[in-house]
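See below for the structure under consideration.
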Amino acid sequence: MIAASLAVLAALLVAVLVAGLVLRPRGASTLEFYLAGRRVGVVTNACAICGDYFSAASFLGVAAAVYVSGLDGVWYATGFAAGFVPVLLFVAAPLRRFGEFSIPDFLGRRLGSERVRLVAVTVVQLVILSYLVPQAVGSGLTWELLVGEGVAGLSPYATGVVVSTVAIAALVVVGGMRGTTWTQAVQFLLLLAVFIWLAIVVLRSGFSYPDAVGRLTEEPLANPVEVDGTWQLEEEENRLASGEPAYFGHAGGRYGPLGQITLIVTLVLGTAGLPHVMNRYFTSPTGTAARMTTVWVLGFAGVFYALAVLLGTAARSLVSQAVSGRPWLAELTVDGVLRVPEHAPLVLGRIYGGDAGLAVVAIGALVAVLSTIAGLLLASAASWGHDVYERHINPGATQRQAVWAGRAAVVVVAALSAGLALLLRPYSLTALFPSVVATMVTWAFALAGSALAPVFFLAIWWRRTTAPGAVSGMAVGALTAILLVALAPSVGERGIGEVLLAPTIVAAPLATLATVIVSLCTTPPSDVERLWLKLHGTAADRRAVRLARLTIAGVNGKRA
């Protein structure tokens, strides 16, 4: 089993590295390395965005959240999928028409300020790091279950973290955006195929989703907790009706009314501020292509998250029935309930496909992790290489030097995220959160939705936005989100604690208010009309302006 698992994982990692080498940038330009020359097609880019976005939180975390909290876990699927609606309506097309390299580059040029650019770089790096760590955690958990042994003296969990991070950092360093795009697109298709296969084998076994929900709702919802070194089941209290037990098919298993709202707001707003997702829109050839890409993404997301909910429910229903006669499963469960809910899809794969089925699902999980890590590292490289090194540290840098600066940033950020993932103890957090991976990713969404999304929307849709206003908004949003999340453990996860765990509903309005007030008190960029035309004008509008300028220049030339 171990030898076969290692062989499968080795083949996957080698395939990823070979693809990156074959599809590496044609030249040493920053446009090729960071944006694949802005020539990525609609469907290809949609698949790559899905590969970027459908992380460990999607592949493992959503099913885990449904497994452990029932109906309340569906809010994760809803929020993750719905996040692309505001992107479609308000962001995709104008962002691509403006045509920069990254979120900091867009904000810096739109508002004519290097201070805005540097503050945005800081926030972007915080978002990237907070998103990278749970991906590394997901890879460690997957390796732990699939292989069960470490290498070079490392634990199985640590081995998974290190191997996945090193492999994907190498892909990004070698392949750049071109190699990453095609590998992410293929990885998404593989990811979707794994979910479809698993759903088919589960349904063919006689599983019925409505029947399962009804059966699971007959008894109170109970999950494993560790008390004085001993695991035991503990009933969940209904967050909507104090003193009553929670049930799988009813709301209240994890969140009260406030928690449900705050989670959705955080996930929906956070999507528009995710740097690794937004950077992909700069690779589209036109604004129209960027918008159509988002339409495809919404379709893919609907299918993917529906399958995740189905599989989370199936695991809750079927795992307890499958424990008998399977010693390996008994070791992972407490009275038929998985200790680590992220194991749910992996366990289903082994129940219905044996070791081969486990390997297939584990490959899907690792693909989700690797694909997202690649996008995050590339977004980090764009910020450091283009927005910091090329514009501030070495303004006279050649294209090759700027690309190598980005590659160096990839290595540093990858090492930092792996180190933080190794410091975590996922098992100690399962009693606090419905899914450790999904919850940690929610914090990244909270930071992005609080600090970047409000300023992003205002810079695109409000002419009066100024550089000091943007700096104030990002600072207020980021500090508020970080402070509230930091206070959450001392307050608890109920009542006001639900807001602290997903603080965008508080931090985003404060960031918006700060941006508006400071902008009204300061002077907007002098060429705001030109910038507005670049964002929202049609191709005909822009041609008319260029023609008018040429005409005026010609008349002035004749007079001279």
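Glycine residues also receive a Cβ, built from the backbone N, Cα and C atoms like all the rest.
As annotated by TrEMBL, transmembrane segment applies to 43-68, 74-95, 116-137, 157-176, 188-207, 255-274, 295-319, 356-381, 402-424, 436-462, 469-488, 500-521 (among others).
Among residues of the same chain six or more beyond the transmembrane segment (74-95), those with a C-beta under 8 A of the stretch's C-beta atoms are 53, 57-58, 61-62, 65-66, 106, 255, 260, 263-264, 266-272, 277-278, 281-282, 287-288, 290-291, 293-295, 297-298, 301-302, 305-306, 308-309, 435, 438, 442, 456-457, 460-461, 535-536.
Highest Cβ pair count under 8 Å relative to the transmembrane segment (116-137), across stretches 157-176, 295-319, 356-381, 402-424, 500-521: 402-424. Among the recorded stretches 157-176, 255-274, 295-319, 356-381, 469-488, the one sharing the largest number of Cβ pairs closer than 8 Å with the transmembrane segment (188-207) is 295-319.
Under the criterion of 3 or more C-beta pairs below 8 Å, with sequence separation of 6 or more, the transmembrane segment (402-424) and the transmembrane segment (500-521) do not qualify as touching, having fewer than 3 such pairs. Under the criterion of 3 or more C-beta pairs below 8 Å, with sequence separation of 6 or more, the transmembrane segment (436-462) and the transmembrane segment (255-274) qualify as touching.
Long-range Cβ contacts of the transmembrane segment (356-381) within its own chain (Cβ-Cβ under 8 Å, at least 6 residues beyond either end) map to 4-5, 8-9, 12, 16, 34, 51-56, 58-60, 102, 124-125, 128, 131-132, 135-136, 138-139, 142-143, 145-146, 164-165, 167-169, 171-172, 176-177, 180, 183-184, 187-188, 190-191, 194-195, 197-198, 201, 275-277, 279-280, 345-346, 348-350, 406-407, 409-410, 413-414, 417. Count of Cβ pairs under 8 Å against the transmembrane segment (469-488): among 43-68, 295-319, 500-521, the largest is for 500-521. Looking at which of 43-68, 255-274, 295-319 has the most CB pairs under 8 Å to the transmembrane segment (500-521), the answer is the stretch 255-274.
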